[in-house]
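Copied over from Swiss-Prot:
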| type | residues | note |
| --- | --- | --- |
| DISULFID | CYS37-CYS201 | disulfide bond |
| DISULFID | CYS120-CYS205 | disulfide bond |
| CARBOHYD | ASN34 | N-linked glycosylation site |
| CARBOHYD | ASN210 | N-linked glycosylation site |
| TOPO_DOM | 1-47 | topological domain 'Extracellular' |
| TOPO_DOM | 69-83 | topological domain 'Cytoplasmic' |
| TOPO_DOM | 105-121 | topological domain 'Extracellular' |
| TOPO_DOM | 144-166 | topological domain 'Cytoplasmic' |
| TOPO_DOM | 188-212 | topological domain 'Extracellular' |
| TOPO_DOM | 234-274 | topological domain 'Cytoplasmic' |
| TOPO_DOM | 296-309 | topological domain 'Extracellular' |
| TOPO_DOM | 334-358 | topological domain 'Cytoplasmic' |
| TRANSMEM | 48-68 | transmembrane segment |
| TRANSMEM | 84-104 | transmembrane segment |
| TRANSMEM | 122-143 | transmembrane segment |
| TRANSMEM | 167-187 | transmembrane segment |
| TRANSMEM | 213-233 | transmembrane segment |
| TRANSMEM | 275-295 | transmembrane segment |
| TRANSMEM | 310-333 | transmembrane segment |
Amino acid sequence: MATGDDSFLWDQDSILSRDLFSATSAELCYENLNRSCVRSPYSPGPRLILYAVFGFGAVLAVCGNLLVMTSILHFRQLHSPANFLVASLACADFLVGLTVMPFSTVRSVEGCWYFGEIYCKLHTCFDVSFCSSSIFHLCFISVDRYIAVSDPLIYPTRFTASVSNKCITFSWLLSISYGFSLIYTGASEAGLEDLVSALTCVGGCQLAVNQSWVFINFLLFLIPTLVMITVYSKIFLIAKQQAQNIEKMSKQTARASDSYKDRVAKRERKAAKTLGIAVAAFLLSWLPYFIDSFIDAFLGFITPTYVYEILVWIAYYNSAMNPLIYAFFYPWFRKAIKLTVTGKILRENSSTTNLFPE
């Protein structure tokens, strides 16, 4: 939910730019326009490095999440309610990499917004909506893993395709409704009209959000976060108990049904562990930004610009992390990537390829 200059905070670059507006030596975003924002680009060396780092994140988010979606949707063996939820999460991260990160890269490096007022608002809406969607998806995924680990044998009857579709629909509808209502109703700027007018300039894309909406935004992050932490704490305890039971049973002669249950439980615990790492990565990426945005709004926006930019891009990079996590922990994903990049998925009946060799 952060876009730097079009985030839930006042764009600190823009605020500093206004302070320098009267300086005749300042470089402007639009040299021939009145009320132009001050441009504050980096020197050539750091500029090239920043473009490379930010651009790599955007490319990785787009390509990595596209591979996740392609793998799950193409290979029939991956067609499950839980995996469709993961594919929908990948779609949200893919859209962050496609519609948000490239434009934020230019803004962060050049210090100006060159993409017009209309896309400024859309960019902010996309940022808020897609990042909110990621939060809700991860929350539902954690609940799914809890059901799978707590009782793996009846799990298929509880988390059905219908339940998965409802979770996906809720995640997208709520996040998009929230994002667009926040930006286009103007409610977030209530009480800040004079400040907005004073800080508006050509080449800027800042969003003012009053304390009430900052608090609402923080709650929309905090509540799902608490759910995820609680659920994964329970998953950890259940997994520990199951491991102890399996160790005891290994010393005895187990029935075939018990052996099957153990195999299913082991598989579900591994999936829960992998997705738990994805949730932990999400929290580590986004928690610093949300804490800063909440505190900053009530202390007069005191965060230094460079600190704010670092927090924003750490959060953005989360959209590129999940495919790396899947590739590291899931052999089936590595095999699916190999089949995709080599073009073998274009072959007839490739969708029936066995990705889980015994």
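Every residue gets a Cβ built from N, Cα and C, even glycine.
Sequence features, as recorded in Swiss-Prot, placed on the structure.
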residue : record                      : Cβ within 10 Å
ASN34   : N-linked glycosylation site : 8
CYS37   : disulfide bond              : 29
CYS120  : disulfide bond              : 21
CYS201  : disulfide bond              : 21
CYS205  : disulfide bond              : 27
ASN210  : N-linked glycosylation site : 14
DSSP state at CYS120 (disulfide bond), helix/strand/coil: helix
Cα-nearest neighbour of CYS201 (disulfide bond) within the listed recorded positions, ASN34, CYS120, ASN210: ASN34
Stretch in 84-104, 122-143, 167-187, 213-233 most in contact with the transmembrane segment (275-295), if contact is a CB pair under 8 A: 213-233
Cα-to-Cα gap, CYS120 (disulfide bond) vs ASN210 (N-linked glycosylation site), nearest whole Å: 19
Region pair the transmembrane segment (84-104) / the transmembrane segment (213-233), three or more CB pairs under 8 Å: no
Rounded distance in angstrom between the Cα atoms of ASN34 (N-linked glycosylation site) and ASN210 (N-linked glycosylation site): 28
Residue distribution over DSSP helix, strand and coil in the topological domain 'Cytoplasmic' (334-358): 14 helix, 0 strand, 11 coil
Separation of alpha carbons, CYS37 (disulfide bond) and CYS205 (disulfide bond) (Å): 10
Rounded Cα separation (Å) that holds between CYS37 (disulfide bond) and ASN210 (N-linked glycosylation site): 23
Reported mean pLDDT - the topological domain 'Cytoplasmic' (234-274): 64
